[in-house]
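Annotation source Swiss-Prot lists ATP binding site at G613, P614, N615, M616, A617, G618, K619, S620. Per Swiss-Prot, compositional bias 'Basic and acidic residues' is recorded for 854-872. Look at Swiss-Prot and you will find 854-880 tagged as region 'Disordered'.
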Amino acid sequence: MALTPMMVEYMKTKEEYSDCILFYRLGDFYEMFFDDAITVSRELELVLTGKNCGLEERAPMCGIPHHAAAAYIPRLVNKGYKVAICEQLEDPKEAKGIVKRGVVKIITPGTFIDANSSLENDNTYLMTIYESDERIGLAVSDISTGEFKTTSFDNIKITLLDEISKVAPKEILVDKNISQSLIDDIKGITTALITEKDFNEFIVSKEEIIDQFSDLEVSGLVNEREISSRVLLKYIYETQKMSLTNINLLEQYEIINYMTIDGNSRRNLELTESIREKSKKGSLLWVLDKSATSMGGRTIRKWIEEPLIIKSEIEKRLSGVSEAFSSISFNEDLRSSLKDIYDIERIVGKISNKNVNAKDMLSLKASLDKLPSIKELLGTANSELLKEYYENLDELSDIRELLESSIKEEPSLSIKEGNIIKDGYNSEVDELRQSKLHGKEWIAALENREREFTGIKSLKVGYNKVFGYYIEISKSNYNSIPEGRYVRKQTLANAERYITEELKIMEDKILGAEEKLINLEYSLFTDIRDSIEKEIARLKKSARIISNLDGISTLALIALENDYVKPEINEDGIIEIVDGRHPVVEKVIGRGEFVSNNTTLNQSDKELLLITGPNMAGKSTYMRQVALITLMAQIGSFVPASSANISICDKIFTRIGASDDLAGGKSTFMVEMWEVSNILKNATSKSLVLLDEVGRGTSTYDGLSIAWSVIEYITGNENLRCKTLFATHYHELVKLEGVLPGVKNYSVAVKKMKDSVIFLRKIVEGGADESYGIEVAKLAGLPDDVINRAKEILLGLEGENNFDIHKVTNTEIIENEVAVDINQANNVVTITEKACESKSEYIEKVEAKDSFDKAKSNKDDHRIDEKTENSSKKHKNKDSSNNMQLDFTFIEKEAFLKEVSEVDILSLNPMEAMNTLYRLVAEAKKLK
């Protein structure tokens with residue numbers, strides 16, 4: 001058996017678009033067949049049916065009404081599918097044989113804009129990555145706004161991953177020859193759809209990219225930028241099936257002109273979404289984005305993603321914000337006009353894509369109506385930036401007048417249904433409307449006349465697209481119908497429909513005029529659209545100014561509402577913040593509840609602030625606060641503080657919080673070390689680094705050693721010495737102040753009250769004396785038995801009391817089983833035996849363990865001091881359960897002596913010898 005002719009055509013089309021779900025137009029439905037039908041049925045929960053395709057088995061099939069496609073396509077695209085729309089290219093009534101069909105558009109995650117989406121303030125970016133031996137080229141576009149930009153940089157993987165994290169593309173094009181390891185790394189940081197193409201073949205010509213932009217713009221491209229841009233343009237042509245006139249400016253940018261923030265730091269600082277909810281609420285963007293327009297919202301987001309590092313540019317933006325902040329009436333008038341402006345960028349995108357309707361045109365007109373008042377307002381401005389906006393803002397009065405004269409105030413939604421052109425714009429339209437109106441009046445007169453003639457009051461004249469105009473009479477009035485007056489056309493359950501020759505003649509006149517009118521209005525609308533399309537460059541320029549102006553106005557409004565101050569900007573390596581506040585936490589808990597803190601970082605005595613103190617006390621909040629204030633200053637925003645003097649930072653790095661990568665086979669500690677390694681390799685003397693609890697994912701000695709070494713590396717490396725906030729629970733590190741250059745101790749103030757503590761959340765000079773971990777556990781609601789036992793264990797571990805390892809609570813005793821974990825320089829020894837009844841038996845049990853034998857060379861090394869032995873005997877007499885009392889300090893002392901004896905002084909350089917001596921002295925003091 002062979003496939004039917006229609007199915008043969010379907011299979012040809014499907015083969016060409018094999019990576020897409022094919023929406024195949026059949027009448028009023030889009031149909032999917034075979035695997036596509038199964039996929040769509042599953043993903044959209046549609047009924048799966050079958051269709052005779054000419055084979056023995058029916059082809060799996062599912063379908064959706066064509067008018068409902070807009071509701072279904074986003075769901076597929078958001079799941080990572082591509083959708084190819086195959087339309088009927090001719091009227092089925094006029095077709096000879098199989099109806100001609102063709103794919104008119106491919107909708108992908110990187111090229112789709114959902115008009116009904118709540119994410120209108122977000123960009124939908126499509127990215128191309130081209131990799132040469134030494135360089136990487138990127139091209140990025142949002143086809144809905146017409147943005148198209150490119151950059152290149154040294155072939156360093158982390159730089160590429162950081163840029164992907166910043167741009168957050170929905171779809172990424174890569175060369176099919178790219179390494180799988182790089183693809184895996186990209187997939188590890190983004191959920192974007194990865195599309196592979198052969199860049200040697202999938203690329204537009206040099207002439208095509210020049211036609212899209214200009215010879216001048218293209219001639220300045222280096223090889224990597226040119227190739228990535230040509231590939232990206234090819235993909236846009238392929239998916240849109242046309243050249244988009246709104247993509248008319250090729251912008252080159254340098255990543256070194258913006259602050260570098262890696263993906264991990266963006267996440268930790270919660271710049272655009274919260275860690276917990278993965279939503280805008282709770283992020284810095286949530287605080288700063290009160291934009292009046294969608295364009296302004298995208299601009300605020302872009303500024304947060306790309307802080308400036310050139311002082312003159314920062315101060316220029318700050319000057320605009322400052323003027324809007326200082327003149328409340330100016331900003332209120334400005335925002336009053338801005339709030340009535342629609343998304344001009346995306347309306348222009350619809351014009352370019354031939355997808356604009358009459359209501360979009362009215363939105364454009366309403367937006368342009370506000371430009372004269374905004375221009376007039378800017379004429380009163382004094383700041384350099386606002387003056388530039390005034391000089392460059394095109395009021396677009398010619399376009400506004402065209403729309404004012406041509407588009408009806410309440411047009412049809414579809415441009416193919418008529419009722420879109422305003423009366424008086426075109427004389428032929430006016431004449432046809434009169435003909436149509438007279439025809440409708442004639443129909444109304446006919447209905448009244450027939451009612452009087454027949455005496456049937458319920459008689460009515462109606463219309464539908466199948467039968468045209470008809471006279472409808474209910475069955476109860478059949479006997480009142482004059483014989484021979486009407487011709488029966490249709491029988492219904494409770495009525496009959498009739499026609500007359502006179503009615504059909506008038507129908508032809510009415511419908512003829514209506515059809516002509518609809519076609520004429522459509523033609524006029526496309527002419528208007530094409531006229532405006534020629535002015536896209538002007539529209540985009542004014543839209544860019546409006547979006548930036550909204551960004552400036554919004555930052556001024558936020559500063560006023562939240563009592564922010566204008567920061568001073570310096571390049572001297574000094575960060576001085578007085579009464580700094582965390583912008584997001586303050587917003588959540590309320591200004592009156594938040595405790596402000598001062599911060600001083602410099603390149604002399606306060607290069608690295610070593611912050612100690614308990615959990616829950618506010619260390620992480622404080623550290624993030626400093627980073628966010630710095631970032632806000634560099635986007636040109638006022639900051640939450642009484643005063644701030646911010647040195648420009650080229651990069652912000654954070655290592656905060658615990659996370660693992662189980663899929664990648666990395667533990668929490670491995671991830672932590674990878675992050676620290678990345679920071680130490682890429683930070684510079686102009687960077688701001690936040691390190692929280694480095695080394696906590698391993699044993700105490702290992703963790704302490706790593707944390708210590710990291711601090712030494714940062715402060716001792718002349719090419720690094722970056723401004724650093726270093727929070728730790730290793731209180732031994734406080735002794736580094738005065739020993740290592742630039743280290744300064746700070747802690748979180750705590751107020752003790754009997755058995756409880758109050759965290760004052762105030763950062764003060766000096767190191768913390770306690771961690772208050774048990775108090776935090778108590779605040780968290782742990783049972784009293786657990787808290788009390790923890791205190792007892794703590795006393796034992798600190799050597800202030802004997803430690804009973806058998807006892808779980810003050811009243812319960814473990815049966816005659818004991819598990820003793822002896823930690824010595826990361827070698828863990830576990831003993832699980834019945835309770836030892838004497839010192840000699842305990843030693844024998846220890847000797848039986850191979851791992852412990854390796855750590856201790858002979859039986860003489862296992863000495864239990866007199867205090868422990870006497871205590872054990874005393875406890876044995878008191879308690880028949882034979883519980884063993886151990887003083888764990890003897891293990892630490894023996895380990896310490898062994899470490900001292902094994903130090904090879906001759907193999908150490910002077911710095912290593914000093915460090916070793918300092919560490920051994922510190923450990924010896926603990927064992928007193």
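Just so it is clear, glycine is given a Cβ too, placed from its N, Cα and C backbone atoms.
Locations of recorded Swiss-Prot features on the structure.
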residue: M616; record: ATP binding site; contacts (Cβ under 8 Å, 6+ apart): F759, V776, L779
residue: A617; record: ATP binding site; contacts (Cβ under 8 Å, 6+ apart): V748, V750, F759, R761, Y772
residue: G618; record: ATP binding site; contacts (Cβ under 8 Å, 6+ apart): V595, V748, F759, R761, I763
residue: K619; record: ATP binding site; contacts (Cβ under 8 Å, 6+ apart): I611, G613, D692, A727, V748
Secondary-structure category, per DSSP, in which N615 (ATP binding site) falls: coil
For S620 (ATP binding site), the number of other Cβ atoms found within 10 Å of its own Cβ: 21
Fewest other C-beta atoms within 10 angstroms, as judged across G613, P614, which are the binding-site residues: P614
Cβ-Cβ neighbours of N615 (ATP binding site) (radius 10 Å): 19
